[in-house]
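The block underneath contains the structure these notes are about, expressed in structure tokens.
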């Protein structure tokens, strides 16, 4: 329990002879008493010894009774932590200026004037303001700052931080600006008062709206910094953002010329980044306030802003270099795209360390600070230029949702179900924009649902749908996402790479179909997710993985954050949405290394900046991005392939699989190198014993294990059949070394014909002539049957004459037998009573 007592310290000297105790008068409520002796007093600290303890408290009358003359400059607050059984404990001391005892009311206009000039500031928008009887003062009476711990590093000499080289200068007061430059409002344009769109054209062109709401609707608020370590701040509030999970929290408050970003992590100490105009000074609450006021830690003020960084994370979580970097963020640029570009870069690099959670802590703080600063930069840019753009609002909303998920899941190690984010920005109303978007999607005529628009338009529509989604996606948005993924899948069957627009469209389509939080009981959404995972895994062939990794390496090698924006959607790959975890195996890393010379610019950069071992390490980390993104997201796995977790099976949870292939509902193929504990198990022959491949067919209802026999037959040729005989089956190509190369779902009759064409196939994985003798293939049927793919029987053209009549009848008989065999494999091959026949639907 805690007890609080206020007494007066007579300065400059306290002696035993002139001790003064304050006793409640009869007029005041009886609150008990405490006696304390001041044993030592020095220029640096005070020490108190507890001689007696009784329950105590304080009220307004008692506090007012302490209001002495002007010669008494300070009062002290005694905070006692006492064991309720032994009445023994520790005593702490906090010094408060005496003027706090007199309520002081902040004088300000109810409405702030619009700033004068392009980058004008309001007159003193951020002002230190405190009153002992103000509700915001309560945190200072309950804080542990200076009692149980100190929020700042113990040595004030280290509070002054150097200004980073990237911080703003007098010649460059607003930092860098990316290309293309921010559009300006055309002459004679009448600006809307708020962001909205009534047609899809609003996404294709620049739509401007006024920033006047940021001034007319701003409210005066009080902010109490971290642990009450700095006196309260009044500011004109223009918005807030809250990102939370079970292991991390980022709270951002934005105002006119003001930002507070409180970043906390369950495994680390919290920090707070505060930005004020360069003319504003904040005062820290320290034990030295008797003699002089200290500014909180931070660099010298810049040409526009002053930055402070609070928290013991200053000297415990970070290196000095990292601390200086974070303090520079708000002054590096007022272009929000710059900060988001840096956040994406850090997030991508963080995924290469996803198996080493203790290393992600610093990345977590950096990304969180970048996210907060991007909101501040957009708010300030809009305020000072007096306008915003609709695409800026959509862009920021999608970035908040996506980066929050990556930040919390990979940076903080949070459970995905606990991740949430809310934004309340005065210059945009996501709820209103969501309703307008729903109306637009609702105007799509059913006859046009299957019509596929350009990838540019699809990307813009899906990006907006993802950004403004509130847990429920419009049925036509889901339909568009499905069509985009299927179209890209068909294209990747005959090529190895995607252009930037296709990658962006694929990113937003997959995010919509895979990452939903509401309606988990909706079987159609789960089916969408299973189909998406299967298609993404099928697109992630060995050849595509190599090209996608080269795209990422080029994106990072050529990264110039002062010119162009870098985002993860720009380098997105189906491998990042696949369920493959094997791409860090040596053969895939070596394939990437051998392909680097095919891109001369990248090859030159890598060999100029890195030695051979560093190049190999960079290649390995690039491939690790693919294995980390979706394949290790337990939320996605639990939602869409729950059968791999039944029967207390921890293999998937521990990542003990090479890949997962969803089959019919409730069943999946799992490929592993470990000994399976359940399921129908097939061991691929002629594979290196040190790198075995086991194909396991899992059912949600079966916990037993049984060995299956791989069929070795020539399959019937499907050319003369209208129906798709092999649709739903999966083609798997592997090497005798045990490496998995390609996984392709047979999705249509055209794909089936390409599979049967063998040496004439235009789909490279299907063509055996394009691979060596060490390449093998099997076909995985949806009912759990596995067949070695040797070839397809062709029925020859037969002349209808008596000489060949017998041969014709014999051929027909063989065809019937062949189709009977394949039908048995598709629907009737159940080796265990626990594995029932599964309809091919």
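Just so you know, glycine gets a Cβ as well, placed from its N, Cα and C.
Annotation source Swiss-Prot lists signal peptide at 1-17, citing sequence analysis.
For 18 (among others), the entry in Swiss-Prot reads N-linked glycosylation site.
What Swiss-Prot lists as topological domain 'Virion surface' is 18-802, and the listing cites sequence analysis.
Per Swiss-Prot, the feature N-linked glycosylation site maps to 45 (among others); the stated evidence is sequence analysis.
What Swiss-Prot records for 217 (among others) is N-linked glycosylation site, and it gives sequence analysis as the kind of evidence. Cβ neighbours within 10 Å of residue 217 (N-linked glycosylation site), excluding its own Cβ and spanning all shown chains: 12.
For 246-309, the entry in Swiss-Prot reads region 'Interaction with gL', with the evidence type sequence analysis.
Here Swiss-Prot flags 317 (among others) as N-linked glycosylation site, drawing on sequence analysis.
According to Swiss-Prot, the N-linked glycosylation site annotation covers 499 (among others), on the basis of sequence analysis. For residue 499 (N-linked glycosylation site), the number of other Cβ atoms no farther than 10 Å from its own Cβ, over all displayed protein chains, is 9.
The feature N-linked glycosylation site is assigned by Swiss-Prot to 522 (among others), with sequence analysis given as support. Classification of residue 522 (N-linked glycosylation site) by DSSP places it in coil, neither helical nor stranded.
The secondary structure of residue 760 (N-linked glycosylation site), as reduced to three states from DSSP, is helical. Cβ contacts within 10 Å of residue 760 (N-linked glycosylation site), excluding its own Cβ and spanning all protein chains shown: 10. Taken from Swiss-Prot, the feature N-linked glycosylation site applies to 760 (among others), supported by sequence analysis.
As annotated by Swiss-Prot, N-linked glycosylation site applies to 783 (among others), with the evidence given as sequence analysis.
Taken from Swiss-Prot, the feature transmembrane segment applies to 803-823, supported by sequence analysis.
Per Swiss-Prot, the feature topological domain 'Intravirion' maps to 824-841.
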Note to self: I'm trying to understand the geometry here, so how far is the Cα atom of residue 499 (N-linked glycosylation site) from the Cα atom of residue 760 (N-linked glycosylation site), in Å to the nearest whole number?
What the structure shows: 27
Note to self: If you count CB neighbours within 10 Å, which one among the glycosylation sites 522, 783 has the smallest count?
What the structure shows: 522
Note to self: Between C-alpha atoms, which of these glycosylation sites comes nearest to residue 522 (N-linked glycosylation site): 217, 760, 783?
What the structure shows: 783
Margin query: Give me the DSSP three-state residue breakdown of the region 'Interaction with gL' (246-309), ordered helix, strand, coil.
Written below: 0 helix, 33 strand, 31 coil
Next item on the list: Restricting attention to the topological domain 'Virion surface' (18-802), give the mean pLDDT.
Entry: 80
Next item on the list: Could you round the CA separation between residue 783 (N-linked glycosylation site) and residue 760 (N-linked glycosylation site) to a whole angstrom and send it over?
Entry: 29
Next item on the list: Round to the nearest Å and give the CA-to-CA distance linking residue 217 (N-linked glycosylation site) with residue 760 (N-linked glycosylation site).
Entry: 68
